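According to TrEMBL, the protein has these features:
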type	residues	note
SIGNAL	1-23	signal peptide
DISULFID	Cys36-Cys231	disulfide bond
DISULFID	Cys140-Cys204	disulfide bond
DISULFID	Cys151-Cys167	disulfide bond
DISULFID	Cys171-Cys180	disulfide bond
DISULFID	Cys181-Cys191	disulfide bond
Amino acid sequence: MLTYLIPFLTLCVCMTIAAPVNSTSDQPTIIVKNQCNSTLKVGYSKDVDYFGKVVNVAAGSTYTIHPPVGWSGRVWGRESCSGDRCFDSGMGSPASLAEFHFLDSGNTFYDISFVDGYNLPMVVDPASKSKSGDTDGRMCSTPSCKKLPECPAGWETYDNDGNVSGCKSACTKFNTDEYCCTGAYNGQDLCSGNQYTKQVKDVCPDVYSYAYDDATSVFMCGTRTFTVTIC
């Protein structure tokens with residue numbers, strides 16, 4: 001199941017709030033802050049890429065990413081991984097994802113996605129705090145999940161040493177149309193979540209929990225600078 005089954009074009013339709021716009025010459029900037037107790041493998045990729053680029057970020061350190069204008073992609077971190085799993089952009093090995101779409105206008109859509117699963121607490125903080133034009137509390141807000149939902153028994157993923165490395169979502173666990181919002185369930189009015197996504201939302205109401213969870217989980221801000229804090 002791919003998180004980007006809901007393209008950001010859909011998100012643009014769903015969110016009609018107006019945002020202040022920065023200069024289109026501003027370089028998109030994502031500052032990734034590692035607040036975990038160990039070095040993270042921090043990865044980032046465009047939405048269309050299964051694998052991304054990965055760098056080591058020491059505990060307490062930051063790493064800055066400068067995507068191009070128009071970039072639509074995700075950022076993640078892993079404490080323990082090896083081989084391709086480190087580069088996996090969340091579809092094969094579950095990871096908490098910070099997702100961005102930097103529009104040419106200077107506005108940015110962003111969210112935290114657990115659609116394919118999760119592994120670490122995460123906060124996405126926009127540089128601007130302007131609430132101009134806000135109608136639903138999501139303008140330049142700071143989505144967060146500082147304490148992860150409990151992982152159902154049997155949904156865990158493991159690293160090569162046998163340590164828990166992440167938790168699957170209902171979609172990645174069962175891989176059915178009903179849980180993945182595909183086939184007969186592919187539509188905003190056809191897929192409304194399930195008991196498992198509700199458990200996620202109860203703990204972390206800001207996160208994207210299933211493919212059509214636009215209404216409470218997509219944010220927009222007139223800035224191109226964000227800080228992603230992991231742990």
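Any Cβ shown, glycine's included, is placed from N, Cα and C.
Other C-beta atoms found within 10 angstroms of the C-beta of Cys167 (disulfide bond) number 22, with every protein chain shown included.
In this structure the C-alpha atoms belonging to Cys204 (disulfide bond) and Cys36 (disulfide bond) are separated by 19 Å.
Nearest Cα neighbour of Cys231 (disulfide bond) among the listed disulfide-bonded residues (Cys151, Cys171, Cys180, Cys181, Cys191): Cys151. Neighbour count (other Cβ atoms within 10 Å of the Cβ, all protein chains): 26 for Cys171 (disulfide bond). The sparsest Cβ neighbourhood within 10 Å, among the listed disulfide-bonded residues (Cys140, Cys191, Cys204, Cys231), is found at Cys231. Listed disulfide-bonded residues: Cys36, Cys180, Cys181. The one with the lowest count of other Cβ atoms within 10 Å of its Cβ is Cys36.
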